[in-house]
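These notes concern the structure reproduced below.
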Amino acid sequence: MATDDSIIVLDDDDEDEAAAQPGPSNPASNPVSPGPEASGPSESHGDGGSSNSGSRKCYKLENEKLFEEFLELCKMQTSDHPEVVPFLHKLQQRAQSAFLASAEFRNILSRVLSRSRNRPAKLYVYINELCTVLKAHSIKKKLNLAPAASAESSGDNPPTDPPSDLTNTETTASEASRTRGSRRQIQRLEQLLALYVAEIQRLQEKELDLSELDDPDSSYLQEARLKRKLIRLFGRLCDLKDCSSLTGKVIEQRIPYRGTRYPEVNRRIERLINKPGPDTFPDYGDVLRAVEKAATRHSLGLPRQQLQLLAQDAFRDVGVRLQERRHLDLIYNFGCHLTDDYRPGVDPALTDPTLARRLRENRTLAMSRLDEVISKYAMMQDKSEEGERQKRRARLLATSQSSDLPKASSDSGEGPSGVASQEDPTTPKAETEDEEDDEESDDEEEEEEEEEEEATEDEDEDLEQLQEDQDDEEEEEGDNEDDKSPASPSPIFRRKEFSNPQKGSGPQEEQQERGLTGTPASPLEASPGLPSTDAESSGEQLQERLLAGESPVSQLSELDMEALPEETIPSPEERGISSSRRKSDSSLPTILENGAAMVTSTSFNGRVSSHPCRDASPPSKRFRKEKKQLGPGPLGNSYVKKQTMAQQDSGWKISVLSTPSSPLASVGPVADSSTRVDSPSHELVTSSLCNPSPSLILQTPQSQSPRPCIYKTSVATQCDPEEIIVLSDSD
């Protein structure tokens with residue numbers, strides 16, 4: 001009987017056994033007193049009862065013998081794990097006595113024992129199966145309280161024993177009638193199960209072609225439908241037999257989870273992954289909702305970010321463990337009755353090279369198709385994410401533009417002088433771009449500042465190098481022109497007339513060509529776009545006055561007055577005051593480090609420095625660096641006049657603002673003595689920014705905050721070999 005591997009179908013003895021099954025108190029008395037004294041009550045029931053009890057005793061003795069043989073086999077095979085045998089003993093003691101003396105337990109033991117002897121490598125699988133069966137038929141703790149309570153009551157009140165015996169016999173009779181009534185259903189379900197198993201085996205033996213995969217009635221789909229029906233029949237049969245439907249598969253094992261430090265969250269996640277029903281794989285959203293519910297119900301007080309981190313860690317851990325369980329279930333249950341006799345050393349692909357090559361080709365094809373499917377949906381996901389990102393950027397830009405509209409309307413309003421302030425068309429774009437960059441991230445702003453500092457340092461180095469070269473050229477020219485009088489008005493500029501005066505002349509185009517950028521911030525600054533005809537006329541007037549030999553200072557002052565708006569043109573009284581100040585300033589001796597007089601702001605190739613004084617903004621970073629390098633000296637309180645000139649293709653545009661001595665006046669860099677020329681103004685050569693006069697500062701409205709402005713000069717566009725300034729040495 002022990003070596004029998006087939007499933008034994010229950011015979012009519014089980015019906016008699018179930019019919020003659022005693023109450024809960026009788027099975028406990030039978031094992032304790034198996035002698036002839038206990039056989040008295042059974043003899044009173046007749047010959048049928050004695051035969052049933054005899055069959056039960058035979059089953060029990062046989063089951064005990066089979067269980068001992070299985071334990072001996074486990075001792076030999078599981079010497080590395082000695083705790084296996086005591087664990088099996090404990091489970092047997094906790095099992096129900098009726099189940100231990102049943103034919104079902106005998107069939108399970110015989111099957112497990114025979115398979116363990118044939119396949120010792122899978123011994124632990126069969127041990128697990130036996131443990132699952134014993135746990136399913138173990139005595140529950142709640143059921144153990146009833147016999148104890150009845151025993152106490154029987155001890156205290158002996159006359160109540162006969163009614164309890166009557167109730168036990170009544171329940172036994174009802175159970176026997178119910179069992180006899182469902183006997184026919186059980187037999188019918190068993191026949192259906194056998195029929196389904198035979199049909200499934202027949203379908204598994206059929207060859208499946210690739211063309212049949214799309215057929216809705218293919219053998220593979222028929223087999224899947226029959227297996228689902230078989231599972232439902234098995235569950236119904238277990239309900240009728242009042243036994244557990246667990247089969248010991250890995251997929252049925254409960255997964256304990258202790259991944260977080262919060263027991264409430266652990267219990268919620270464990271309940272989620274061990275939910276009864278189909279093996280569903282929870283996604284990140286399910287885990288996050290479970291964590292949030294646990295935190296809300298138990299008032300954990302965790303922030304949103306920490307809940308997300310907990311959910312992410314739990315999702316990774318749970319996903320790995322569920323994948324491992326599915327993989328093990330696939331390994332244990334893969335195949336069919338055709339692969340039951342498979343051994344690792346008898347693979348036909350090891351001896352047949354054609355089959356091995358075909359299997360490798362099929363595997364390569366399967367992996368390539370799998371990669372195509374994965375890449376397809378990965379690209380679809382990337383496209384959807386990119387589309388969402390672009391929509392988000394569009395919304396942010398729309399909101400930023402809507403917030404910039406009131407600012408632009410306030411900036412375009414009328415100033416205190418009654419004239420609408422106009423802005424340079426290049427500045428709003430730069431300001432909006434800077435604001436967007438500031439709103440996006442501060443790192444980009446720091447990188448831009450570093451790049452600007454590097455660019456200004458490179459420009460300073462280029463300017464210094466060009467200044468040294470020009471100084472050498474000026475010294476050579478000064479040696480050749482010593483015979484000329486320093487006071488005689490010599491021609492200063494020799495300029496080539498442009499053949500095409502109609503070439504686009506605008507301040508914006510000129511600044512783009514020469515690399516100049518400015519940010520006006522007050523209504524006192526010049527309008528951004530003078531007409532080309534005005535620029536040409538101003539250039540012609542400048543050329544005529546230069547040829548007539550007029551003083552450059554007067555020329556520059558008159559052109560400056562013409563360029564300024566009407567409200568900013570000084571009255572005759574103010575002109576007299578400014579002229580008196582200019583005379584007093586010119587009468588004061590200004591001392592340089594080498595004792596030379598100050599000269600005009602003339603560029604290296606004969607042009608006037610193109611750094612327009614725009615507003616009362618604080619000095620730029622470059623100017624602060626120059627001021628630090630300058631340090632305290634004799635020029636700290638000197639009077640410096642900045643002259644600015646911007647060359648256009650059709651003429652010259654010059655603006656001059658005088659800066660008298662004031663606490664607000666900034667100190668320009670010290671010019672080298674080699675840059676001195678014979679000029680009527682006798683002022684310092686400088687190319688730094690200038691501050692406006694106090695009168696202009698007072699006219700600036702207090703409500704308008706000064707804006708920083710950066711002026712960049714491209715040295716490469718200034719050095720024109722055809723425009724030469726003839727310099728003379730004043731010494």
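Using N, Cα and C of the backbone, Cβ positions are placed for all residues, glycine too.
In Swiss-Prot, the coiled coil annotation falls on 368-395 of the listed ranges 368-395, 536-563, 704-731. Looking up Ser488, Ser522 in Swiss-Prot, the residue bearing an annotation of phosphoserine is Ser488. Candidates Ser33, Ser571 were compared with Swiss-Prot; the annotation phosphoserine appears at Ser571. For Ser211 (phosphoserine), the number of other Cβ atoms no farther than 10 Å from its own Cβ, over all displayed protein chains, is 8. When pLDDT is averaged over the motif 'Nuclear localization signal' (622-628), the result is 49.
Reduced to three states, the DSSP call for Ser211 (phosphoserine) is helix.
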